[in-house]
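Undergrad: Below is a structure I'd like to ask you about.
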Amino acid sequence: MPLIYGFRQNRPFRCVLFRFFSPIKPKEQQHQQLTAPAFLPFSVSVRTEIAPHRPQKLAPWQPGNLALHFSHRPLNAQSAAIVRRQPLEATVKRYTLKKERPSGESGIDYEKDLNEQQRKVVTAGGGPMLVIAGAGSGKTHTLTYRVAHLVDRGVPPENILLLTFTNKAARAMTDRVCDLLNLNVTSLWSGTFHSIGNRILRREASKLGYGDDYTILDSEDAGTLMKTCVADANVGHLDQRFPKGRVLSRIYSYCINTQKPVEQLLAERYPYFEHLAEPIRRIFRFYQTRKVEMSLMDFDDLLMNWKTLLEKHDDVRQSYARRFEHVLVDEYQDTNHLQGEIVDLMASEHQNLMVVGDDCQSIYAFRGADYRNILEFPQRYETCREYKLEINYRSTPQVLDLANASIRFNKNQFQKTLESARGDGPMPALIKLRNVEQQAEFVCQRILELADEGLGLDEMAVLYRSHHHSMELQVEMTRRGIPYVVRSGLRFFEQAHIKDALSYLKFLFNPRDELSFLRLARHWRGVGTKRSQDIWMYVQSQSDPLAAVTHEKLINSLPKRAKNSWRQASVLLDKLRQKRMGSRPSDLLESVLDSGYADYARRTYDNIDNRIADLEQLANYADQYEDIDHFLGEISLLSGISGQEILVGGDVPDEYVTLSSIHQSKGLEWTAVFGLWLSDGMFPSSRAETDDEVEEERRLFYVMTTRAKDELYLCQPLMHYGRRGRRTVLRESDFIEELRYSDFLDKEPFEEWLVDG
């Protein structure tokens, strides 16, 4: 008789199998090992004893003729019996298990949901693919449908790798794929380079000498560890301008991401530290060793160690490269050299690599992004197929005509022409303005007019090349009570280097201002928190704190290192004290900048060129004030609201205007966009000297213009006021001038507005 037996949770069970006959030769005995159905948590062994052969006609086996009975009673020889019966009539109720459907059954209407250009990308076969996706052309939409199509075609989600630049974008695309397919595809490997690197390293870290429980350092902790390594390397005494921990961390990060040696990186980005290349390299060796000893990784290690793992352990590379049948990369134009190498290694087996991006929107060279990754992709993959998405769903034809004509002047690019899917709109406007103050007045007035016409404040944005370009506008918007949010960082007057400079003037105006004194004291080497508090207590015990702070008695009481440093500080403070009554605030700020603060800023902060430009702009702004108290009072009122997203008024309004650097605006859009400082030396930046640098500036201009859906205002101040009343007449931006004489336009790209008042 047929008998199924086995064990479940260490207890024997038995199963009697009904209606299971097969004509087999007499007295044969067979043993079979069957695989249990997926829903049974145990294995099944079948021992079949066959009675003497009795040829008979058996009905074909059907699911309805099979019945299973489970019992937990002990097995015995009489436990099972063959029962012949006819299936009983029963009500049939159908129940469907959710599982991955056969390929091609998703019901996605690719013809309806995609335009022809997008559909070609989505339904293309395998192999290397380069997709040049113009601004507003539905790049994310296309990439999402491509992933859905691969799964719909039968590719398991766990065999797809999708690399993005934000985890938010990765989650959004994964969720959208789930919705399109009505399937759970969370087994898809999607995320940023750093999150995917971390996921792989958690499994493989032991091969690099790490435990799988390594800790990831944030930027603050990485700076602290770097500071410890400076002490271990005993090099801080070599130069009083030796960079601080967070600046060293930034230099280290640039070296890792650009794959450049320390000497080359310093020469290109930090020439004032070039003579310190050898001690800096020694510190980096200490830093790397300490991280391995302590089982720590910083964000750059997640990429560098990922690449090292793939290169030094070919079995690991093969394992992951074979696993991922398809690799897709979003925003490929923003990848750096290291990320480009990782992508090539991950796609090295199947070569089914699709990279999506827009070379005309490669604007992050200052972060280490290398636009050559996308430009040279066809050379690295000779069988690469190129696709272009050129239908723009965001902007009007008038905006796109201007943007297309401008970017044509770049030589290093994939040529394309964006075509609007929308109807006509207003012409872009070039606004000629007397100076930067009138620029601020115009922008504010026009914002209020558009709001009166029914356009929401959150549908308007003001974009600029550098953060300090927004200073006067922030002041004017605050005065007029226009709510705004700053996407490019802190409000101008809340930035650390601005507060540093102002702290000297505040202490000069109010010698009892302890916070300002402690802030300025830390600028001088050897004067730490405890020492500065001791100095403060001594100064406040004297009848004239301003005189006491520079007194020789105080200086001689300090240790050698602090003594030398504070003697320099006393020279500056004494100079400020003497100029206090008869000088304008701009002159006092200039004295601070010329005194050595710039050296402190260089070793303390990154992006020093931008910070120095901010400080110069602050001095220019202060030039309109006659005395220090009026200037500081105005600054205090403008800085009265704290927080990164600064909104005028007590409550957070439902709508507010966006103020943003162009770099921070990428990927966003607004109905009306104002572009500031379209004047020579401001945009493009006067620091852009090489052809590559000028082309990146033009890509910035292209990104700015293509953020506008309907209305684009290009503001050009005609005059720049410097310190001591110096005035400079400004030419219009090269990007405006070249549009006037463009061979790519058959009509004027903009209308000119002359502003009265």
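Note that Cβ sites are derived from N, Cα and C of the backbone, with glycine treated the same way.
Just so you know, TrEMBL annotations never went through curation; they're auto-generated.
Sharing the features that TrEMBL gives for it:
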| type | residues | note |
| --- | --- | --- |
| BINDING | Ala133, Gly134, Ala135, Gly136, Ser137, Gly138, Lys139, Thr140 | ATP binding site |
| DOMAIN | 112-396 | domain 'UvrD-like helicase ATP-binding' |
| DOMAIN | 397-667 | domain 'UvrD-like helicase C-terminal' |
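I'm curious about the neighbourhood of these features; can you describe it?
TA: Classification of Gly138 (ATP binding site) by DSSP places it in coil, neither helical nor stranded.
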Undergrad: Kindly assign Ala133 (ATP binding site) to one of the three DSSP-derived states: helix, strand or coil.
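TA: The three-state answer is strand.
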Undergrad: Restricting to the domain 'UvrD-like helicase C-terminal' (397-667), what is the model's mean pLDDT?
TA: 83
Undergrad: Give me the non-local Cβ neighbours of Thr140 (ATP binding site): same chain, 6+ apart in sequence, Cβ-Cβ under 8 Å, ordered along the sequence.
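TA: When sequence neighbours closer than 6 are ignored, Thr140 (ATP binding site) has Ala169, Ala172, Met173, Asp330 within Cβ distance under 8 Å.
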Undergrad: Are there any residues at least 6 positions away along the chain from Lys139 (ATP binding site) with a Cβ closer than 8 Å to its Cβ? List them or say none.
TA: Val131, Ala133, Asp330, Val356, Asp358, Leu389
Undergrad: For the binding-site residues listed here (Ala133, Ala135), which one has the lowest count of neighbouring CB atoms within 10 Å of its own CB?
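TA: Relative to the other binding-site residues in Ala133, Ala135, Ala135 has the fewest Cβ atoms within 10 Å.
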Undergrad: Would you say which of the binding-site residues Gly134, Gly136, Gly138 has the most Cβ atoms within 10 Å of its own Cβ?
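TA: Neighbour-count leader: Gly134.
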Undergrad: What are the other residues, in sequence order, whose C-beta lies within 8 angstroms of the center of the C-beta atoms of Ala133, Gly134, Ala135, Gly136, Ser137, Gly138, Lys139, Thr140 at the ATP site?
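TA: Sorted by sequence, the hits are Thr142, Asp358, Leu389, Asn392, Tyr393.
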